[in-house]
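Chemist: The structure's right below; bear with me while I get my questions together.
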Amino acid sequence: MSTKQITCRYFMHGVCREGSQCLFSHDLANSKPSTICKYYQKGYCAYGTRCRYDHTRPSAAAGGAVGTMAHSVPSPAFHSPHPPSEVTASIVKTNSHEPGKREKRTLVLRDRNLSGMAERKTQPSMVSNPGSCSDPQPSPEMKPHSYLDAIRSGLDDVEASSSYSNEQQLCPYAAAGECRFGDACVYLHGEVCEICRLQVLHPFDPEQRKAHEKICMLTFEHEMEKAFAFQASQDKVCSICMEVILEKASASERRFGILSNCNHTYCLSCIRQWRCAKQFENPIIKSCPECRVISEFVIPSVYWVEDQNKKNELIEAFKQGMGKKACKYFEQGKGTCPFGSKCLYRHAYPDGRLAEPEKPRKQLSSQGTVRFFNSVRLWDFIENRESRHVPNNEDVDMTELGDLFMHLSGVESSEP
């Protein structure tokens with residue numbers, strides 16, 4: 001069986017890229033009736049020549065009412081005045097149809113009745129000349145727009161879509177720095193802003209000028225604050241490693257570790273290493289190595305912050321950032337966080353509900369220290385008892401036995 005007897009399904013949809021070299025048939029006589037555009041038969045296919053379906057009309061023998069539609073105007077509603085907001089696309093016939101070829105048609109936007117009102121009958125002058133491609137002359141308030149204007153304006157009035165014409169719109173190249181067209185540019189070159197030194201100020205729009213000057217001033221103040229903070233951080237030396245923090249070899253180490261209750265200078269890596277020491281008690285490792293003031297947490301920062309108000313803002317931003325991360329100890333309700341309500345991380349269940357902060361309980365130990373814990377479990381008590389540090393009296397006993405042995409041997413210890 002030859003493939004030329006099979007209709008190309010890509011050609012039926014209008015997307016065959018093989019063209020005349022296709023191995024399948026490109027004869028529309030073998031195509032199915034479903035490939036005919038039903039919107040074109042109704043007279044208002046918005047795709048026009050770009051439609052993938054066939055813009056052909058059945059003959060009069062195939063259907064009486066449908067066949068006569070090919071010789072009539074697509075829709076009588078196009079000739080009746082309606083509100084300009086109700087707009088659709090209509091196809092104007094430009095040439096006679098040849099079998100096997102797609103007609104070339106021009107897409108024109110017309111007013112269309114969408115309110116369900118009774119439509120006027122077709123004028124006799126239009127029916128008398130079915131092959132004519134002439135259209136009724138639209139009135140000034142029904143001026144047809146192009147398809148591109150309809151896309152830009154959202155099928156609304158073109159003049160209402162933009163507040164300025166091309167001559168009143170600012171040139172984007174001049175606003176970015178330089179326009180190669182110069183004085184020949186069709187767009188408007190704005191005035192130079194005194195802060196950013198760019199041509200971004202519209203000469204005829206005072207509101208745009210005020211808005212840009214406000215944004216530009218806020219940006220300028222923010223950049224100045226960063227410059228002052230960088231200048232104040234250049235000579236800061238870490239009190240542990242005794243190196244200038246911003247002059248370290250690794251870029252990851254050029255960060256400050258700011259203590260919440262202290263103003264001494266440390267780099268982030270050194271103060272974290274200090275607070276991770278295991279040979280000291282918790283109050284010692286949480287205190288400043290110089291002034292011994294206890295700080296609950298360390299805030300990483302690119303710049304050095306010494307002012308208390310700035311530090312409070314930095315602490316709040318740090319807490320908000322930590323509050324967005326899930327706590328690895330809580331594990332969405334499966335685990336227990338040892339920090340309780342003091343934890344800075346997010347305690348949330350799998351459904352997104354936040355866990356209510358649990359009040360820690362106090363316990364007085366035999367050594368006189370107060371311990372805080374959230375829950376009491378038997379295994380925690382046993383594990384704590386097994387790991388409790390007991391003073392080693394073996395050295396004391398051996399010293400006493402040695403002194404007793406020396407006394408019995410008649411050897412007197414020399415006094416200083």
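Including glycine, each Cβ sits where the backbone N, Cα and C put it.
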Chemist: In Swiss-Prot, which of 31-58, 199-226 is tagged zinc finger?
Modeler: 31-58
Chemist: So which of Ser80, Ser139 shows up as phosphoserine in Swiss-Prot?
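Modeler: Swiss-Prot records phosphoserine at Ser139.
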Chemist: How many of the residues that make up the zinc finger (2-29) does DSSP mark as helix, as strand and as coil?
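Modeler: Final tally across the stretch: 12 helix, 2 strand, 14 coil.
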